[in-house]
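Here Swiss-Prot flags 4-90 as domain 'KRAB', drawing on sequence analysis. Summarising the annotation, Swiss-Prot assigns zinc finger to 132-154, 160-182, 188-210, 216-238, 244-266, 272-294, 328-350, 356-378, 384-406, 440-462, 496-518, 524-546 (among others) and lists sequence analysis as the type of evidence.
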Amino acid sequence: MDSVAFKDVSVSFSQEEWALLAPSQKKLYRDVMQETFKNLASIGEKWEDPNVEDQHRNQGRNLRSHMGERLCEGKEGSQCAETFSPNLSVTKKTAGVKPYECTICGKVFMRLSSLTRHMRSHTGYELFEKPYKCKECGKAFSYLKSFQRHERSHTGEKPYKCKQCGKTFIYHQPFQRHEQTHIGEKPYECKQCGKALSCSSSLRVHERIHTGEKPYECKQCGKAFSCSSSIRVHERTHTGEKPYACKECGKAFISHTSVLTHMITHNGDRPYKCKECGKAFIFPSFLRVHERIHTGEKPYTCKQCGKAFRCSTSIQIHERIHTGEKPYKCKECGKSFSARPAFRVHVRVHTGEKPYKCKECGKAFSRISYFRIHERTHTGEKPYECKKCGKTFNYPLDLQIHKRNHTGEKPYECKECAKTFISLENFRRHMITHTGEGPYKCRDCGKVFIFPSALRTHERTHTGEKPYECKQCGKAFSCSSYIRIHKRTHTGEKPYECKECGKAFIYPTSFQGHMRMHTGEKPYKCKECGKAFSLHSSFQRHTRIHNYEKPLECKQCGKAFSLSTSLKKHMRMHNR
């Protein structure tokens, strides 16, 4: 017996014929065709002819249009987007109608492709087999077109080229979305926040930010997502699949976005530039989020506490503060994190990976933020300026601390002696005077430090390493701050000026010591005799009297002294 073809069970009407049908006849037609589609879907029909497959899809789409009574009667055919049969035009899809029903669980779908995907969720049941398998990564596909599209992710082929800017794309849909960025057309507007989007699918995904809907759930860990692409990427964290490889170094990634971000380390390409400050980005979405820094726009508000955010990922991470969720767990030490970037940086503590390398001096960093900050030591860039005095800084935190000099704010108070400090670093350094303890200890001499960076700088006093060299005179230094201060001896810059007498200083320590001459403050007190000093160096010299330390030796006769003034006085005896 011959197999039944699609054309044997389908029925078509011309536009004129359809107009002559009574409402009851139209309803009967719709019921029959719906039943036909259900039957074809349930037997798992495989389409040998791609034209028939396309016809099946078009018929399915247009059947949904006929499920309502709104037909294109009395309208020009050119106004209609889809054709049900060669001569019959119809209106848009009727909302809420889902003619494709799963025979296993009864769930219904708008599209046959959606039903196909769903059927695979039932173990051991496939609506269509997947005859097209990728040789690169092993992924299989039901349709040849889908397989051919996937292959481009490996070959790098981008057949869709924008005539406006020359940008190329692997897939047609992102290409269409990109074209709309040139014409500025964004016909789909969110009723909640007014945001306009270029396509209806983007609007549907965006609306889930407001509703909180996350229809895509991971079967492995139960985590839910608002869009299908996110769950596909997430599932790779369980399977270990990394289909996107860097052509430069071979490193593999779970998402296309990740490999593009990584490629910056090789080529530095950032095509999207901010008109306000000139900062460049890899993706237009990153630029849009950045632009909100200038506009002050924060469209995402937390329903729990009312805090607003510039981007959707920030609010998602913030909400975990309320829920306590920490989905990223380190396999090495068990520590959990609420945000993926923090988790990735933490993992590098175990692996020792430092992917961001400075081209100037070769120093490597585990975080891109540390790398960018370090680059400023070479360029001399100081983008953060104090509006009060005009002083500029490399880092935003330094500016924040500096501002306290103007406001007088000292938020860090010592519980031992009630002394207050403008910065956490100064406070921690002070606490050592009480406890004598620090978390980072030098293996050579036992000296303790609050910060690992301070320990590294100190260790150079033992190794003799001086990686920072002055280009003017060739003098080398163990610490980046030392070379910055040293450069002022060449430029003549004296940024620390006394408001009392106008005297200016190169070094902040000299300036602070000078200011105590005006205030009378003497913070360094000798425990032996109670004598107080305004300068730490003076205090150190004084303590040598009590412990009989005499580190300064005369090269002529070998006599030792505790003070440099005493040594100088002694030297005059030899010079007579």
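Glycine too: its Cβ is placed from the backbone N, Cα and C atoms.
In this chain, the zinc finger (272-294) lies apart from the zinc finger (328-350): fewer than three C-beta pairs between them fall below 8 angstroms, excluding pairs fewer than 6 positions apart.
Annotation: stretch 160-182 has the most Cβ pairs under 8 Å to the zinc finger (188-210), among 160-182, 440-462, 524-546. Across the zinc finger (272-294), the prediction's mean pLDDT works out to 84.
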